[in-house]
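Here the structure is laid out as structure tokens; the discussion comes afterwards.
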């Protein structure tokens, strides 16, 4: 998010918990920019180098959010998926940010309204859900709560377009659009496998060749992280316990308990070298 905002001419301050993390993030962004430049300016290496230089000029870093927020127009939060932690951050920033500053969360599964209620700027609060990897993925879900003003909503849509993305609009409902359809689909694939109706390999092949998906549901679950998927479905299940689409899966719970979380741990539904 930081990268695409800077590359489109915005002045951006990246805030994280330590200088070490910030150093690592900046290095990652430089590498990513090199890949973008190589693709975008294939036959003009000088223009590519200029693009990288110009983008990096727009970037600064800090470990103190409160001290930099006083000069910002937009705050995008992309920290851990924990409502308590997010609300604590927003509450603090709300005290230091100017009146016009818009707050947005990049959450994929938590209620934006609950975060907005932790601040005094409910009308200047919305969701901006980017998709991974952000430089490649064109989509941004712009989420409007019942309190988000039209002016704020339009500003968030305009910002999404300004960073080269295609915004879609959605109300503040569980999972917004993509995850609301995607997570139950992945859970249904797990249930299909749990019942012994088909093997996970065959389900993956079927969805790739039959529906044109780049990954099958089990490959996708491993890529996303089984703990993340469980966290989302558990949260929705507590909101709507009678919704069969949000029912937990014994197999998913077992794998998470065994710390088999997918690609990041070397094993999930599949094993990785």
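In case you wondered, yes, glycine gets a Cβ from its N, Cα and C as well.
What you are looking at is a predicted structure, and each value in this text was computed from that prediction instead of being measured.
According to TrEMBL:
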type	residues	note
BINDING	32, 39, 108	CoA binding site
DOMAIN	2-173	domain '3-hydroxyacyl-CoA dehydrogenase NAD binding'
DOMAIN	175-272	domain '3-hydroxyacyl-CoA dehydrogenase C-terminal'
SITE	129	site 'Important for catalytic activity'
Looking at the binding-site residues 32, 39, 108, which ones sit with their CA no more than 10 Å from the CA of residue 129 (site 'Important for catalytic activity')? 108
Look at each of the binding-site residues, 32, 108, and point out the one with the fewest other Cβ atoms around it within 10 Å. 32
CB neighbours of residue 39 (CoA binding site) within 10 A? 10
Please work out the number of neighbouring Cβ atoms within 10 Å of the Cβ of residue 129 (site 'Important for catalytic activity'), leaving out its own Cβ. 24
For the domain '3-hydroxyacyl-CoA dehydrogenase C-terminal' (175-272), the number of residues DSSP places in helix, strand and coil: 65 helix, 3 strand, 30 coil
Any idea what the model's mean pLDDT is for the domain '3-hydroxyacyl-CoA dehydrogenase C-terminal' (175-272)? 96
The largest Cα to Cα distance in Å among the residues 32, 39, 108, listed in the record as binding CoA, is 29
